[in-house]
Every structure is written in C-alpha cells, then in structure tokens.
Amino acid sequence: MWGANSSSLTPKFFILNGIPGLEAAHIWISLPFCFMYIIAVLGNCGLIYLISHEEALHRPMYYFLALLSFTDVTLCTTTVPNMLCIFWFNLKEIDFNACLAQMFFVHMLTGMESGVLMLMALDRYVAICYPLRYSTILTNPVIAKAGLATFLRGVLLVIPFTFLTKRLPYCRGNFIPHTYCDHMSVAKVSCGNFKINAIYGLMVALLIGMFDICCISLSYTMILRAVVSLSSADARHKAFSTCTSHICAIVITYVPAFFTFFTHRFGGHSIPHHIHIIVANLYLLLPPTMNPIVYGVKTKQIREGVIKFLLGDKAVLTQDN
C-alpha cells in the first residue's frame, strides 16, 4: 500500500470513509444528493443550451450566467459521482494522484464560481449605473478576458495545494473522514507538519473570497445609490428586479461557504464532524442545484426562452398578451 517518495511516505491510495458516524444511513443520505445532482446537471446544461441557441439571451449578463452554469455542473461532477459510489457500492478507494486532482479541481472551481459571481455583480453595476455605455464597456473580448482571468486566478492560486500536499509524509494511515478529497482533510491525515498548508489555505480563501465579496459589496452599494436616486417608482422596481436572482445566487453560494470555513477553523469541537461533512457537500451541491431554478423563476427572458423551446413561438406571444 505504501511507496517511497523521496524523504516521505506516499500511499498508493486513500480511503474515503464517507460521513463518519452515519455509515448506516449512507443509502438514505445519498437519495437527496443524487436527486440534487440530477437537477443540477439537467438545469445547468439546459441553461447553457438555451443561452447558446436563443438570440435574445446573447448578452453579457447571460454569457456570465452560462459560465457560472458550466462551472457549477463541472464542480458537482468532480465530487458527486465518486460520493455516490461510496454510498451505494462501498467503493472507498481513490488513487493518491486522483485524490490530488480532485482536490485541485474542487478548490479551483469553487474559486472560479466566486469570481464569476463577482463578474456578474460588476455586470449589474455597469448595466444600472452606465446603461447607455453598457454594450460598449462589456464587449465580447472584455467578457472573454474577464472569464479567462478568473480561470487563471483559480489555477495559479490553487495549484500549490497539490505540491504542498504531495510533499507531506503519510505514515499515520490513509483514511480520510470525508466524501471527497478536501485540502485540509487530506493534509490532516499526514504525520508531518501541515502548518504551511493551513496558512496558505487561509491566504487563498482571503485572496479569493474576501476580494470577491468586497467587489460584490461595493458594486451593490453603488447600485443601491443609483437606484434610490431614481425618481420613478417603476424604474426603481425594475432596477431592483434585475438584481434579485443574482443576490439569491450570492446568498446560496456564500452562506454555506462561510459556515464551512468558520466552523472548520473556529467551531470544530462544538459542532459534530458529520455536520461539517454534510454542509461541505451542500456547499458544493446546493448552488449548482438552485442557481438554474432561481434564474429560471426570476428572469423573464429565460422563462420565455424555456417556454419558446418547449411550446414554440406562439406560447410566448400568448403569454405576452
């Protein structure tokens, strides 16, 4: 099971134990997770297809939404199938390098999701505060560069996780009390000093999360000031309504993220470990599941696009009348 790797011991594989203390309920826990995953895949793939084929949705806001959907469906696909194999078939082994790869993609994609939400907030800021210059500021090249920068930021900041984790000696064993390979869950299995991992993980969380949250907060502060200054109540309502779906997506994403982050570091002894694991899974699965539903319900253009796709052009004309 063990192989020499320079001065450290590296296991050939890890054992993912699932949710500690709830092994007997794994089958029942897997059912809502499986249902949420199916909704996430169908909903996000449906949004991507709709945005790519519907002419009315070829706008910056929806391009960012398509990028968010792609990130979401990729993120939950990196963890949920493997988790269901643990729950259903007791297939708990994961190759050491595959574990590092999963860890990289999980953290890179969560960082990218946060970055896309920031870009969507900036999009709403430009649309509401500079409506006449919206199409000239957010051109297709600008959108492509912003998406690429968000992707590269995630890759460059997260890739050191793999090297920092691979250098550690694993002489205590190879059992990970989790459903997927999380950075600190893997590092804590080591018998070496993983203080650098913890410090760097905190730095990345602050660099990505706090920076994005500050940009989102600043954007919506400026949006609020612009909307309040509008003289027409209808104009204020319309401006607010364009932001409601995005605000819901921010809440759905950041609330479980903050819970996972702070309880993992400051409330580890007061909250049962299985609660940490369940919330960590919801943190990866809840946004991909809910975002297509929220945007489908709250966004008129998407609702009309879905109805047009399902029933044809006449259905949209009938709805408008």
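Even glycines carry a Cβ here, placed using N, Cα and C.
Per TrEMBL, transmembrane segment is recorded for 27-50, 62-89, 101-122, 142-164, 198-227, 239-262, 274-294. According to TrEMBL, the feature domain 'G-protein coupled receptors family 1 profile' maps to 43-295.
In this chain, the transmembrane segment (27-50) lies out of contact with the transmembrane segment (101-122); the count of Cβ pairs under 8 Å, excluding pairs fewer than 6 apart in sequence, is fewer than 3. Sequence-distant contacts of the transmembrane segment (198-227) (same chain, six or more residues past either end, CB-CB distance under 8 Å): 107, 111, 114-115, 117-118, 121-122, 124-125, 128-129, 153-154, 157-158, 160-161, 164, 183-184, 187, 236, 239-240, 243, 247, 250, 254, 257, 261, 265. Residues 19, 57, 65-66, 69-70, 72-73, 76-77, 80, 83-84, 87-88, 278, 281, 285-286, 288-289, 291-293, 295-296, 302, 305-306, 309 of the same chain lie 6 or more positions beyond the ends of the transmembrane segment (27-50) yet place their CB under 8 Å from a CB of it. Counting only same-chain residues 6+ beyond the ends of the transmembrane segment (274-294), those with a CB under 8 A from a CB of the stretch are 18-22, 29, 33, 36-37, 39-40, 43-44, 46-47, 68-69, 72-73, 75-76, 79-80, 83, 106, 110, 113, 177-180, 182, 245, 248-249, 252-253, 256-257, 259-260, 263-264, 268. If you look at the transmembrane segment (142-164), the same-chain residues 6 or more away from its ends with a CB under 8 A from one of its CBs are 60, 63-64, 67, 100-101, 103-104, 107-109, 111-112, 115-116, 118-119, 183, 187, 196-197, 200-201, 204, 207-208. The average per-residue pLDDT of the prediction over the domain 'G-protein coupled receptors family 1 profile' (43-295) is 90, rounded to a whole number.
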